[in-house]
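Q: Checked TrEMBL, it gives:
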- B:1-21: region 'Disordered' (REGION)
- B:30-88: domain 'SKP1 component POZ' (DOMAIN)
- B:130-177: domain 'SKP1 component dimerisation' (DOMAIN)
Amino acid sequence: MMETNHEKLSANTVGFCLLPSEIIQNILLHLALPEIICLKSVSRFVAGVISDQNFERAYNSQSRPSAWLFVYKKRWNRDAILHGFNDRSGRWFNFRVDGLLKPVICPGDQIYFLTASSNVFLFVSNTRRELLALDLGTKAVRTIPPSPLGPRGTSSWRRSGMKLVATGSGHFQFLFVDLVHSSPVLFVYSSKTDTWQSVEAREGLAEMPRVFQKEGGHVLLDAINGPYESTVTAVGLECGAYNNHAPIVLRPKFNPGHTDGLDRLQVFGDGNMLVVKSHGVDNAGVRMVSDIELWGGLRLNGSWQNWEVVSKVPRRIKEQIRKPYRAMRGCLERREGIIRAVLVSNYDGLWDIIWLSYDTGRSLWTWLPLPDCEMKGLNMAGIAFSSGLTLP
Amino acid sequence: MSSSAENPTLTTEITKPSTEIATETAQSAKKINLKTSDDQIFEVEESVAMEFATVKSFFEDAPSSTDTVPLPNVPAKPFSQVIEFCKEQIKFKANPDETEKKKSNSEFVKEKTNEDLVEMIPVANYLEIKDLLDVLNQAVADRIQNRSVEYVRSFFGIDNDFTSEEEALLREEHAWAFEDVDED
């Protein structure tokens with residue numbers, strides 16, 4: 001059927017290239033970045049439309065609120081695959097990054113995916129305990145020198161304690177917080193200088209400095225998440241703010257209340273926490289989710305005394321997502337008032353990924369059903385949210 | 001200029017529905033004649049014609065004009081489909097229901113061929129029907145997403161003007177983005 005359409009079209013020679021390029025751009029704006037990149041090889045005209053600066057600007061600004069979830073899959077005896085799910089397109093994309101990573105990896109390297117932001121993807125080689133950064137826009141790949149804490153493998157990196165921040169024109173900063181002699185220290189790698197800086201966080205301030213306070217003006221990195229208290233470090237993002245204003249330490253207390261004999265999984269990220277309560281359904285370790293709560297409590301003025309319940313996932317969503325599982329973990333990000341969380345569970349080799357988002361402005365929960373990403377029997381070597389990919 | 005009485009509306013399959021409505025509501029609704037690039041005359045209710053920003057401003061510039069409005073860039077075939085869309089849209093103006101409107105829009109594009117969609121775009125653009133243009137852009141994007149470069153070329157009837165070396169280079173440069181897309 002498609003063939004006849006093709007023939008009809010070429011016979012009529014619909015003047016696609018006669019359309020104002022503004023309209024062609026409007027069509028392309030509905031596509032996801034990998035699709036647009038592929039279309040560069042359609043014709044010179046289309047390549048020109050895509051490389052147009054106005055189009056790049058329009059695409060980058062409209063794709064900013066959209067979110068990607070990246071999953072790194074290990075396949076037995078084959079290249080690993082980076083899968084990306086985009087909330088606007090509603091489908092999974094394959095990112096063939098292994099070819100690009102080749103110059104910095106050695107045969108037999110165990111590669112894990114740590115985090116991503118904009119076009120930059122951060123991996124860790126578990127064999128050499130080195131960080132590898134890949135920029136999909138420029139296709140530049142580099143090995144990051146060890147941080148002042150020395151080489152680290154996958155297990156040393158905590159998701160809620162690190163952040164990759166794209167700083168424009170292909171550059172990025174990678175921030176992480178860790179305890180040194182039991183006090184939180186911020187480490188910042190800048191791709192511009194290819195060096196690390198470290199700053200000890202300040203204790204004893206009741207709230208954040210004013211420059212940190214506006215949404216997007218700071219990042220919150222966890223140093224420790226203890227059972228009754230968290231140690232969170234607030235880092236100002238304003239150009240070099242951590243130079244003039246040392247990151248500050250916030251210690252919200254956590255009172256979980258009655259546990260009702262339920263098991264609790266806590267997923268931290270960006271100053272929020274998802275508490276997943278579950279109960280066992282048999283004696284063989286199979287569990288079911290009972291409740292999912294979102295916790296926060298950071299005040300607008302930057303003070304944070306206690307973890308507080310923000311909202312609970314409503315029953316109608318809980319009923320849709322409830323499935324038996326044996327193991328579960330998750331990740332959580334907050335960006336521009338939207339909190340997104342994924343819960344990844346495994347039941348006898350079958351993976352299930354639950355994407356939940358909470359709009360803090362409208363107090364609204366949404367469940368985004370994800371099509372199967374063909375994970376059966378595969379190993380997952382990293383999962384992370386990321387802001388929109390951008391045209392270079 | 002000839003009036004519509006002397007230049008009878010072509011009773012093609014396309015214009016038939018509008019002439020039927022014309023007899024039913026002859027007294028109430030004012031009609032406007034629109035002449036396409038292939039010299040077909042469409043008698044369209046004023047409320048529908050006013051959906052076309054280009055036609056609307058034609059009347060705003062010359063309010064007393066009762067002549068046939070020429071649409072030199074608009075062929076009859078896509079135009080009849082554009083009229084079909086606007087008639088549906090008007091119903092939602094009186095009775096806004098976003099869910100129903102979305103449903104109606106998706107029904108509209110679902111039954112159109114690729115060729116229909118691509119042909120309607122310049123018409124919607126010329127007549128400045130923003131809603132339709134948005135619907136068409138989305139529909140076309142939906143049909144080319146997750147498709148091969150070859151498919152997109154034939155979808156729009158675009159000739160590949162890259163040499164095979166250039167194309168190979170481009171594909172290599174962007175190899176990360178090329179996944180196993182549906183080839184058909």
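Counting begins at 1 with the first residue displayed.
For all residues, glycine too, the Cβ spot is worked out from N, Cα and C.
No curator has checked TrEMBL annotations; they are predicted automatically.
How buried are these features, and what lies next to them?
A: Note: the domain 'SKP1 component POZ' (B:30-88) comprises 26 helix, 12 strand, 21 coil (DSSP; helix = H, G, I, strand = E, B).
The average pLDDT computed for the domain 'SKP1 component dimerisation' (B:130-177) is 92.
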Q: Give the residue counts of the domain 'SKP1 component dimerisation' (B:130-177) per reduced DSSP state, in the order helix, strand, coil.
A: 36 helix, 1 strand, 11 coil
